[in-house]
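See below for the structure under consideration.
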Amino acid sequence: MSALDKGDLRHVLRRERRERVAALTPARREAAGAALASAVLGFVPPDAGPATVAVYESLPDEPPTGELVRRLVEAGHTVLVPVTLDDWSLDWTPARVGTVADRATTSRTTREQTAEGLTLLGPDALARCDLVVVPALAVDAHGSRLGQGGGCYDRALAHRDPAAPVIALVHDGELSPTPLPREPHDVPVDGWVTTTGEVGRASSAGG
Ligand SMILES: Nc1nc2c(c(=O)[nH]1)N(C=O)[C@@H](CNc1ccc(C(=O)N[C@@H](CCC(=O)O)C(=O)O)cc1)CN2
Ligand SMILES: Nc1ncnc2c1ncn2[C@@H]1O[C@H](COP(=O)(O)OP(=O)(O)OP(=O)(O)O)[C@@H](O)[C@H]1O
């Protein structure tokens, strides 16, 4: 258990992330997107035909997912991205290449987004994903993950196919050297990918 509670830890990790990202040159940021994409593609089952992959639309400080989405779609896979509902559960919509990544905001509600003409597939669409890529402020060696604090992904992951790997994306340096706090509702991830393309697998389900 960490000495800090989740809220305090989130505060510290958000500040560290802002500083980390502010220090990146545009070239490093682009390289990060490419490294993440290559590493995540390694989790897509080879030769099994088109897969369905859940990815998030990265905000400016998050590990960038635009290149990953582009490459998945180019390879013929289906990419779903989350739409946050009023009760902090997640609905899913097919990703549209060109609009994903580095959007200024992530809407909490469906209202504006449905006005944009999005197709909502329902929270259960996650059950049809072969791979689930999730955002995280940090992850530890046991797969405990700290997110933005809405609990959206913990709720959403209840719908996943247990056979589908859940992979967190983090910046280089965000693999926590000490165990992160884990509450009973927290769903651990199976592994992580960093912005330098490092891949890790959680050592066990127990934190
Ligand atoms: N890119 C991306 N998309 C994502 C997530 C994410 O972490 N990253 N989510 C991961 O779950 C869900 C959205 N989660 C959200 C979490 C917080 C806020 C938000 O407005 N936060 C306020 C502070 C809220 C508070 O602390 O009370 C803010 O940032 O001002 C919005 C969406 C689904 N989509
Ligand atoms: N399955 C669930 N059902 C109901 N409430 C939940 C569930 N999972 C999490 N919550 C609630 O959501 C809140 C935030 O949870 P937590 O701090 O674990 O968020 P997080 O995992 O960091 O965020 P996120 O999943 O959005 O990235 C907590 O108050 C928690 O009780």
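From the backbone N, Cα and C atoms, a Cβ is placed for every residue, glycine too.
Copied from TrEMBL, the annotated features are:
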type: BINDING; residues: Glu57, Glu62; note: substrate binding site
type: BINDING; residues: Arg145, Leu146, Gly147, Gln148, Gly149, Gly150, Gly151, Cys152, Tyr153; note: ATP binding site
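Glu62 (substrate binding site) carries neither a helix nor a strand DSSP state and counts as coil.
According to DSSP, Gly151 (ATP binding site) is assigned to coil rather than to any helix or strand. Neighbouring residues of the recorded ATP site, listed in sequence order and excluding Arg145, Leu146, Gly147, Gln148, Gly149, Gly150, Gly151, Cys152, Tyr153, comprise Pro135, Asp154 (Cβ within 8 Å of the Cβ centroid). Gly149 (ATP binding site) sits 15 Å from Glu62 (substrate binding site), taking the CA atoms of both as reference points. Gly147 (ATP binding site) sits 11 Å from Glu62 (substrate binding site), counting Cα to Cα.
Reported as a whole number, the C-alpha separation between Glu62 (substrate binding site) and Arg145 (ATP binding site) equals 15 Å.
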